[in-house]
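**Q** Sharing a structure here in structure tokens format.
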Amino acid sequence: MTTAEDVAGNPYISDPRTDFESVEDVDAETAREQADQLREALRYHDYRYYVENDPVIGDRAYDALFSRLQRLESAFNLDTDGSPTQRVGGEPLDELPDVEHVARMGSIDQGGEEADVREFDSRVRNGLDGDVQYFCEPKFDGLSVEIVYEDGVYQRAATRGDGEVGEDVTENVRTISSVPQRLRGDYPDFLAVRGEVYIPRDAFTTFNRERVERGEDPFANPRNAAAGTLRQLDPSVTAERPLSIFFFGVLDASVDFESHSELHERFPEWGLRVCDRTAVVDDIDAAIDYRNEQQQARDDLDYEIDGVVIKVDDMDACDDLGSTARAPRWAFAYKFPARKEETTVRDIVVQVGRTGRLTPVALMDPVEVGGVTVSRASLHNPSLIADLGVDVGDRVRIKRAGDVIPDVVEVLDDDGDGHFEFPETCPACDSPVEHDGPMAFCTGGLTCPAQRERSVEHYASRDALDIEGVGEKAVQQLLDAGLVSDPADLYDLTVEDLTGLEGWGETSARNLVDGMDSAREPPLADFLVALGIPEVGTVTARNLAQEFGTFEAILDAADEGDTDAFEAVPDVGQTVARSIVEFFEGEGNRAVIDRLLDHVEPQAAEETDGDALDGQTFVFTGSLDGYTRGEAQELVERNDGSATSSVSGNTDYLVLGDNPGQRKQDDAAAHDVETLTEDEFEELLDDAGVL
């Protein structure tokens, strides 16, 4: 534990005097010495408050020390990296750029039944010799981030994103008081850590109340508030919100650790805040007991948890177990059951999704479920309404499935006097409703304004054409301003159109327009995904592109109603084939497609031998000019190669784009892996007959 003796002689540690002389009366040497002492003292007080939870001075004294340091640094130009004052919000950004993670931020296998966790334990013990100890910790319900320190100084932070690339939130995370700007003690030269950003419950309640008093909409739950705050473009907004963090893992470091429990002990020595509700247990029975104890305590905690994470404690054993393509074999998230509460249904409304699916939603008396006030719950489809027998005025039990989306699960009292009837026409466009099994769909296609709105967002999404700057908020702005009504309108946008909207700068506007220009010749498979054809995902779209070759051939088969031609495609059955034909038969859909074809020319799928890369393994780092990372990986995999996220002894090539990750280059050197520039990568593909 750090003590005041560690900073002996510093006058600002215990009961500090705050009646400073005027800055104008201080000479440069004295100012520099006093600023150094203040930085040291403020780091110490941050440590005592956030890590030790044992402050030695009050808030007023801390604020006085902080303010004095700010004035000294400003008056004498003494700003330094790692100063506590650097966490105050910086300049607003036009966008949050993407950044590649030091190491993959993978997900964890999870389950909510005891049988699930016992199966995990069985797999672990079958893969290891001897006894197994587990390190157990709460599963925080916040937003996971990567934070990088070099030589003990805070350098960078990023959201998890897709696990390989996240959003750069360096300046926003810098404002979080519990994130040290400089590490303490005998820290490693390089440290990339994983933490969970959250808003404490009490702070969330106060924060939401203040928003309502200002006439602003409250956040639905602490997690949404934390996520929205962390993605603010203006760090000064983030600085005013009550974010906190728990650190719980290492992604990469210049030192080794023998166990997860050792890691948990070392973090506080470096000033990194950890949760104190952890345990090392000798068997899975004790881990299950730990989980049950945390479930009992969850409502008394000042932070949201939705389960516990059980990890093999020994790091060497973790290495022996390894990982699957998506998750480590040495960890398991044992989830809590969904919370349930009672309330009364006041109305039932029907929402329209991107594919035209109609989803009934119950509007209810507000009820608190696990610290979150909810007033809406999904009823999923007309069949569920009939099965439950739910109606307006009924007393019902709801649960938060996965602690996120509320569902109505039971009618307790059906004495309500309402009588809900599922509509026969779409509430957004009055088109006839068609029933398919338990589900109901609007038949209006892209003539339906609700479907158009979702289709615009989907068209530009990462899974489709991956166009920068076209997210849910931007789409709503564009629709409200009358600038777009369907995906084709995106291609007509100008920088002048966009800079006239609130929150849009020259850079973000130019990025969107340039992104649309670069999407005028999309790969056929990506274009098919972007159209949002029901039942057609990435794999099916790729198979359709390979089988038909051109978009015109797909249109011809659809125009002829040739479901047999579609069923001949791998993974396409009767239901999917019929869905494809019906999509292209829709008049509204064809009108939008015809407009799109005025702007785009989908590129025919390249025919390849299929095994041109013959099992070679590629890793990509940095930004490529000619491909997105997904396109490059898909190109490799289509030709019998393998694309992985990390360099190992099995890697054949590391392909370097712009701003490549240094860690992957170091790993390539350690494993004697050949590196390629993008031009060399394309030469290799050309020699193999791929291009």
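Every residue, even glycine, has its Cβ placed from backbone N, Cα and C.
Okay, so Swiss-Prot annotates it like this:
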- Lys139: active site, N6-AMP-lysine intermediate (ACT_SITE)
- Asp59, Arg60, Ala61, Tyr62, Asp63, Ser107, Ile108, Glu137, Arg160, Glu196, Lys311, Lys335: NAD(+) binding site (BINDING)
- Cys426, Cys429, Cys442, Cys448: Zn(2+) binding site (BINDING)
- 641-651: compositional bias 'Polar residues' (COMPBIAS)
- 608-691: domain 'BRCT' (DOMAIN)
- 1-22: region 'Disordered' (REGION)
- 637-667: region 'Disordered' (REGION)
**Q** Do any residues at least six apart in sequence from Lys139 (active site, N6-AMP-lysine intermediate), in the same chain, have a Cβ closer than 8 Å to its Cβ, and if so which, in order?
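**A** The answer is Ile305, Asp306, Gly307, Val308, Val309, Ala333, Lys335.
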**Q** With the Zn(2+) site defined by Cys426, Cys429, Cys442, Cys448, which remaining residues of that chain have Cβ atoms positioned within 8 Å of the Cβ centroid?
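**A** Here the non-site neighbours turn out to be Val352, Gly356, Thr425, Pro427, Ala428, Asp430, Ser431, Thr443, Gly444, Thr447, Pro449, Ala450, Gln451.
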**Q** Tell me the residue counts in helix, strand and coil for the domain 'BRCT' (608-691), as DSSP assigns them.
**A** 29 helix, 18 strand, 37 coil
**Q** Going by Cα-Cα distance, pick out whichever of the binding-site residues Ala61, Ile108, Arg160, Lys311 is nearest to Cys426 (Zn(2+) binding site).
**A** Arg160
**Q** Just to be sure I understand the packing, how many Cβ atoms besides its own are within 10 Å of the Cβ of Cys448 (Zn(2+) binding site)?
**A** 22
**Q** When the number of other CB atoms within 10 A of each residue's CB is tallied over all shown chains, which of the binding-site residues Cys429, Cys442 has the maximum?
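**A** Going through Cys429, Cys442 one by one, the largest Cβ count within 10 Å is at Cys442.
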**Q** Can you grab the distance from Cys429 (Zn(2+) binding site) over to Arg160 (NAD(+) binding site)? Cα atoms, rounded to a whole Å.
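**A** Taking the Cα atoms only, Cys429 (Zn(2+) binding site) lies 38 Å from Arg160 (NAD(+) binding site).
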**Q** Highest Cβ count within 10 Å among the binding-site residues Arg160, Lys311: which residue is it?
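**A** It comes out as Lys311.
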**Q** Indicate whether Lys139 (active site, N6-AMP-lysine intermediate) is helix, strand or coil by DSSP.
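**A** It is in a strand.
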**Q** Over all shown protein chains, what is the count of other CB atoms within 10 A of the CB belonging to Ala61 (NAD(+) binding site)?
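**A** Its Cβ shell of radius 10 Å holds 17 other Cβ atoms.
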**Q** Within 10 Å of its Cβ, which one of these binding-site residues (Ile108, Cys426) has the largest number of other Cβ atoms?
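**A** Buried the deepest by this measure is Cys426.
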